[in-house]
């Protein structure tokens, strides 16, 4: 039995902190809280009306996938991870993650609601898990892992792949629109959400490092390569990024690059050994630790939650 899954009678009380690294990650998440009301999407409609039919088609399908996927992540947290993991610090993080995923889902739903005026098309997009085969394939893969009998460690990797790999190409495609100066509301929300998801992915890697009996490298590689092939198909066959003027082969390479970064963070050898083909993604917050706190991505951070001078905080307070 993994110590972090062992029954813990002290799980209802936060102090004293036992796992400082996990608690620090929770405080990082707390510091980066935001709400949809802070994102101005009023200027997006002008840009939306100038987009080509292909560009609109692409964005609508990406948003449809995103709108459903956060709910799947939350179902896994509610039904499995929050129940299985017994250490309070991780439960704090998972609880906060659920709130953030709700905000992401609300944001994507609001974007669809704003851009798409036809009510039938709206319903089609909101029900993408049933109506769109390309979205259904990704959703089915993620949902399969919620109910799988695999170990916590294996399912941890699967959901790190969902948040780290299944989202990566879509994030990059929206940042591509930012590079072109389009859709400021969509691209700003994408910046906030990609930063959050990067942090969630980093948290999965941290939890993995706390496992005494982690899955084998072979198992990890199998889960990650499976996710890579599904994501590559999504963005180069089902919903090709060439619709918005991106290069499909470069997108395939980018997804491999992201997968390598994830598996390295888990402590294993890279699978693909490729370089990042998208220069505009070099400084983007897809790694949760990519210095949101140093760069203050989107110039937003919850005031006073973490010191601006440094991110280290101590609990050695004299009570």
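Each residue, glycine too, has its Cβ placed from N, Cα and C.
Fe cation 1 binds 101, 104 as Swiss-Prot records it, and from the list 70, 113, 118 the residue named for this site is 70. Fe cation 2 is bound by 101, 197, 200 in Swiss-Prot, and the record lists one more residue there from 55, 154, 163, 249, which is 163. Annotated range for region 'Interaction with R1' in Swiss-Prot, selecting from 306-312, 313-319: 313-319. Listed in chain order, the residues near the Fe cation 2 site other than 101, 163, 197, 200 are 70, 73, 97, 100, 104, 162, 167, 196, 199, 201, each with its Cβ within 8 Å of the site Cβ centroid. Within 8 Å of the Cβ centroid of the Fe cation 1 site, not counting the listed residues 70, 101, 104, the chain contributes 69, 71, 73, 74, 100, 102, 103, 105, 108, 193. It is 11 Å from the Cα atom of residue 101 (Fe cation 1 binding site) to that of residue 108 (active site).
Distance noted between the C-alpha atoms of residue 70 (Fe cation 1 binding site) and residue 200 (Fe cation 2 binding site) is 12 Å. In space, 197 is the closest of the binding-site residues 163, 197, 200 to residue 104 (Fe cation 1 binding site), judged by Cα positions.
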